[in-house]
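Have a look at the structure below before the remarks.
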Amino acid sequence: MELLQTIETLCGAVGVSGQEHSAAAAALNLLKEYAPNAEIDPFHNVYGVVRLAKEGQPAVVLDAHIDEIGMIVTYVDTHGFLKVSACGGVDRRLVLGQEVIVHGRQELHGVVAAMPPHLTAGDDSGKVSEIEQILIDVGLTRDEVKKVVALGDRVTIKSGFHSLLGSRIASKSLDDRSCVAVILRTLELLKGQDLSCGLSVMFSAQEETGERGAMIAGYQLKPDIAVALDVSFAHTPDADETKCGKMGAGPMIGMAPTLDRELSQRFVTLAQQNQIPYQTEVMGGATGTNADAIGVLRGGVRMGLLSVPLKYMHTPIEMVDLSDCEATARLLAAFLSEIGKGE
Amino acid sequence: MWERVEHYSRLNGVSGDESAVREAIIEEVKAYCQYEVDALGNLICFKKGMVTPDKKLMLCAHMDEVGFIVTHITDGGMLKFTTVGGIDSRVVLGRAVNLYRTGTIGVIGTKAIHQQTEQERETVVKVEDMFIDIGASSREEAMNVVRPGDCAVFCTDYEEFGDGLLKGKALDDRLGCAVLVELIRSKLKFDMYFVFTTQEEVGLRGAKAAAYSVNPDFAVVVETTTAADLSGVSEQKQVCALGKGAVVGFMDRATIYDRELYALAYKLAVEKKITAQTKTMVAGGNDAGAIHTSRGGVRTIAVSVPSRYLHSGVCTVKKEDVKAVLKLVYELTETIL
């Protein structure tokens, strides 16, 4: 597999929380090469067993979420404009004037209406609109809209897939499709190796609306150890450097009270031994990722977290560096090669 | 016509940097007229008609579009920029832009919503606080492909959607350019001048020089104008609406239009069954502002395509309105002189 190509394929698919069909199908298709029995459950979680644990071996699960943020249609007004609510943490400061796709019975293209300056001129407050105030313009009458759009259909902001300087790329939904690709890349690196652990993969639904898919998929897979793969904040000039990772500096190894200390340390040691660039991300409690949900499943799961540094999270122009994705996959592969050996 | 509109919308020509648009237009009109390019980059075309009139008529559309210009490159390789022309800062964030001198793509973002304070989440980000990120890690890396003064435009898909709507960047005023080119390539009654101007978005500057050079008696400006026909906006504040035809206003912020030409436009609209509408607010402005005060004065009218979301990456117009503008402008050329 080619990492860039895999990410582009995954990002091109649509999967707003709760309606992950297309993204799940794309991920399933790619996962089947490594887990032929992989399947999609009724919640749109994708999961597959790569290798069953033998007696005494730990069962390891790798997780990345398949859903993306977006909007959900709540109303069609008399002029045919759609009203929406948010599915996940939409940055309302950037929605006006965006190109959108309404995923109804068929796709409708349109734009988010922006009031022209002559109507906002007196408003110096610079106040951002509530998501419920915006209008989606699909250029149709209410009757025409209703033929193809049902309340509850999802809306995504359209984005291109852009190759930037170096090995950096920008697109929608790199959160968390870049990590879906990292897991697939890890499986590729492990091909032909005999592991000493059971290995399953889940691409979980509804992370953005509260880590819900991971609860369900994780329960089914009964892990002893799990590693969540997600994106985290890469520094931009307007952010606090002490609260961000650095793009291009390798995976961010999560350290937190909710994560297994020994696993975190093992990632650091492995990165050093294998000369893989890495950085640490220390949090004071919950991590805001699926790691929080998976860690307390059934009788408890030893939890690790690796994050790919990403800029502009939750926007149509999320950015990652492919070198970070590759380094994360290498670290994860090194971890899986070792886990269960002599334990 | 629509192929040309798409072609022109995809061309990149921020004010002061319009050469790609000019070259494309020259390519299409050179067999039909005499032309020259003046000191400001205006393309001035003269087309012979069947009749040489006593008076001079000038048709005008602007080639430039709103966009961005790189002002500084930081040590970290980020591009600081400012807007060229009036772009609302609310429609800039979260977009990809094309630094078209080298075709470099960049994105405009800020720190993630998770890292914003409550107040930051609720406040529109000012353009001066934004930067373009091309993926460079250092100034040196960035300078390989970008330098201060380079211009950028929105990366937008040109497409048709809804019930006969078109969206794209730079439809303001490439639609006007397309209408003029259509006319140059058709059979016309009178000799007339077609002027494709520069720098409209930064103060109607190209038109000022061009009007001086051409020295017309009459002028027709072909433009796009703001329509605010959105839910929740009163009829008056909508100014004009998509689907209601060519917009001929009596006054905007730059011009009080010639009353006789205004009446003539509506007379022709009725006679020729062309849909037309006036503006219900004194808003906007265009090259007419510079033209009508040129030399000893020029009797001027503007015919515009109503457009939603005008100075954004997604100018949205209705095809039938563009047709109405083309027809009405044609009829005016037949009767003004």
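Don't overthink the numbers, they just go from 1 along the chain as shown.
Glycine too: its Cβ is placed from the backbone N, Cα and C atoms.
TrEMBL labels come from automatic prediction, so no person has curated them.
Proximity of A:GLU207 (active site, proton acceptor) to non-local residues of its own chain (separation of 6 or more, Cβ distance below 8 Å) is seen for A:SER17, A:HIS65, A:ASP67, A:ASP176, A:GLY213, A:ALA214, A:ASP230, A:THR289, A:ASN290, given in sequence order. The active site, proton acceptor annotation in TrEMBL covers A:GLU207.
According to TrEMBL, the Zn(2+) 1 binding site annotation covers A:HIS65, A:ASP175, A:ASP230. Mapped onto three states, the DSSP output places A:ASP230 (Zn(2+) 1 binding site) in strand.
Under the DSSP three-state reduction, A:GLU208 (Zn(2+) 2 binding site) is assigned to coil, being neither helix nor strand. What TrEMBL lists as Zn(2+) 2 binding site is A:ASP175, A:GLU208, A:HIS314.
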Same chain, |i - j| six or more, Cβ under 8 Å of A:ASP175 (Zn(2+) 1 binding site); the result in sequence order is A:GLU68, A:ILE69, A:ASP230, A:VAL231, A:LEU310, A:MET313, A:HIS314, A:GLU318
Chain B contacts from recorded positions A:HIS65, A:ASP175, A:GLU207, A:GLU208, A:ASP230, A:HIS314, C-beta within less than 8 angstroms, listed by sequence, come out as A:HIS314
Around the recorded Zn(2+) 1 site (A:HIS65, A:ASP175, A:ASP230), other residues with Cβ within 8 Å of the Cβ centre, ordered by sequence, are A:ALA64, A:ASP176, A:CYS179, A:GLU207, A:GLU208, A:LEU229, A:VAL231, A:THR289, A:ASN290
Cβ-Cβ distance under 8 Å, sequence separation of 6 or more, same chain as A:GLU208 (Zn(2+) 2 binding site); the residues meeting this, in order, are A:SER17, A:HIS65, A:ASP67, A:GLU68, A:ILE69, A:CYS87, A:GLY88, A:GLY89
Least Cβ-packed of the binding-site residues A:HIS65, A:HIS314 (other Cβ atoms within 10 Å) is A:HIS314
One finds that other Cβ atoms within 10 Å of the Cβ of A:ASP230 (Zn(2+) 1 binding site) number exactly 24
